[in-house]
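Colleague: Take this structure first; my questions come after.
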Amino acid sequence: MPEENIFLFVPNLIGYARIVFAIISFYFMPCCPFTASSFYLLSGLLDAFDGHAARALNQGTRFGAMLDMLTDRCATMCLLVNLALLYPRATLLFQLSMSLDVASHWLHLHSSVVRGSESHKMIDLSGNPVLRIYYTSRPALFTLCAGNELFYCLLYLFNFSEGPLVGSVGLFRMGLWITAPIALLKSIISVIHLVTAARNMAALDAADRAKKK
């Protein structure tokens, strides 16, 4: 039986398309906000499809999980870099957001791998109740991730326009009001990620040291 080419699995091909769309978005961000945001949101939307494809085709892989997470982190980070350029007074907040996002996911993934999980989304159900809901409820996970990305995307668009009026309020401004609490909640969950992962790593270190005594 011929060896399977993991790199050509359908979910991973979708992942490559996400990267291409994200790069196109970054290229247009300085000059063409609607083109840039369309490609950015398309890249994010495909994130939902690669997971469905992986489950439907039985093509879930460690490489695919890593590709998915890295694409998410890098795309968000690049958008935040652009936001820091557009809103220089808020640069520190964007820097903190980037640092928290990358650090929390990396440490959580690393602690999951060390503990023997195949993916950062496979958690011990006896662990933190907030993370348990976050990773076992697909609607909750989708709402928080999509709302967070939409908040930053709307903040980018808001720099250029308030959007079409809905009553007396611009659509982009209204969208920011709706998604801001979601983005804040996502940041709180990232802090929980970081603290929980740090405790897990410390517990593993303590167990290893106890074995050596």
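A Cβ is built for glycine as well, from the same backbone N, Cα and C atoms used for every other residue.
Computed from a predicted structure; not experimentally measured.
Pulled these features from Swiss-Prot for this protein:
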ACT_SITE  Asp72  active site, proton acceptor
BINDING   Asp47, Asp50, Asp68  Mg(2+) 1 binding site
BINDING   Asp47, Asp68, Asp72  Mg(2+) 2 binding site
BINDING   Gly51, Arg55, Thr61  CDP-1,2-diacyl-sn-glycerol binding site
TOPO_DOM  1-5  topological domain 'Cytoplasmic'
TOPO_DOM  49-73  topological domain 'Cytoplasmic'
TOPO_DOM  117-139  topological domain 'Cytoplasmic'
TOPO_DOM  161-174  topological domain 'Lumenal'
TOPO_DOM  196-213  topological domain 'Cytoplasmic'
TRANSMEM  6-26  transmembrane segment
TRANSMEM  28-48  transmembrane segment
TRANSMEM  74-94  transmembrane segment
TRANSMEM  96-116  transmembrane segment
TRANSMEM  140-160  transmembrane segment
TRANSMEM  175-195  transmembrane segment
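Each of these features: where is it, how hidden is it, and who are its neighbours?
Modeller: A sphere of 10 angstroms centred on the C-beta of Asp72 (active site, proton acceptor) encloses 19 other C-beta atoms.
In the three-state DSSP scheme, Asp50 (Mg(2+) 1 binding site) falls into the helix class.
Within the same chain, residues at least 6 positions away in sequence whose Cβ sits under 8 Å from that of Asp47 (Mg(2+) 1 binding site) are Arg18, Asp68, Thr71, Asp72, Cys145.
If you draw a 10 Å sphere around the CB of Arg55 (CDP-1,2-diacyl-sn-glycerol binding site), it holds 11 other CB atoms from the protein chains shown.
Averaged across the topological domain 'Cytoplasmic' (1-5), pLDDT in this predicted model comes to 75.
Note on the topological domain 'Cytoplasmic' (49-73): residues 6-7, 9-12, 14-15, 18-19, 22, 43, 101-102, 105, 109, 118-121, 145 of its chain, located 6 or more positions outside it, place their CB under 8 angstroms from a CB of the stretch.
Proximity of distant same-chain residues to the transmembrane segment (140-160), defined by a Cβ-Cβ separation under 8 Å and at least 6 residues beyond the stretch ends, is recorded for 29, 33-34, 36-37, 40-41, 44, 47-48, 72, 76, 79-80, 82-83, 86-87, 133-134, 170, 172-173, 175-176, 179-180, 182-183, 185-186, 189.
The list of residues near the transmembrane segment (175-195) in space but at least 6 beyond its ends in sequence, with Cβ under 8 angstroms from a Cβ of it, reads 97, 100-101, 103-105, 107-108, 128, 130-131, 134, 143-145, 147-148, 150-152, 154-155, 158, 163.
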Colleague: May I ask for the residues of the chain that lie six or more residues beyond the transmembrane segment (6-26) and have a Cβ under 8 Å from a Cβ within it?
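Modeller: For the transmembrane segment (6-26), the list is 36-40, 42-44, 46-47, 49-51, 53-54, 57, 59-61, 63-64, 67-68, 71, 74-75, 78, 82.
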Colleague: Mind checking which residues of the chain, 6+ beyond the ends of the transmembrane segment (96-116), have their Cβ under 8 Å from one of its Cβ atoms?
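Modeller: Counting only partners 6 or more residues beyond its ends, the transmembrane segment (96-116) has Cβ contacts under 8 Å with 69, 73, 76-77, 80-81, 122-124, 187, 190-191, 193-194, 196-198, 200-201, 204.
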Colleague: Taking the Cβ of Gly51 (CDP-1,2-diacyl-sn-glycerol binding site) as centre, how many other Cβ atoms lie within 10 Å?
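Modeller: Counting Cβ neighbours of Gly51 (CDP-1,2-diacyl-sn-glycerol binding site) within 10 Å gives 19.
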Colleague: Find, among the binding-site residues listed as Asp50, Asp68, the one whose Cβ has the highest number of other Cβ atoms within 10 Å in the structure shown.
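Modeller: Top count of Cβ atoms within 10 Å goes to Asp50.
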Colleague: Any residues 6+ beyond the ends of the topological domain 'Cytoplasmic' (196-213) with a Cβ under 8 Å from its own?
Modeller: 104, 107-108, 110-112, 114-115, 127-128, 131
Colleague: DSSP says what for the topological domain 'Lumenal' (161-174): how many helix, strand, coil residues?
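Modeller: For the topological domain 'Lumenal' (161-174), the helix, strand and coil counts are 4 helix, 4 strand, 6 coil.
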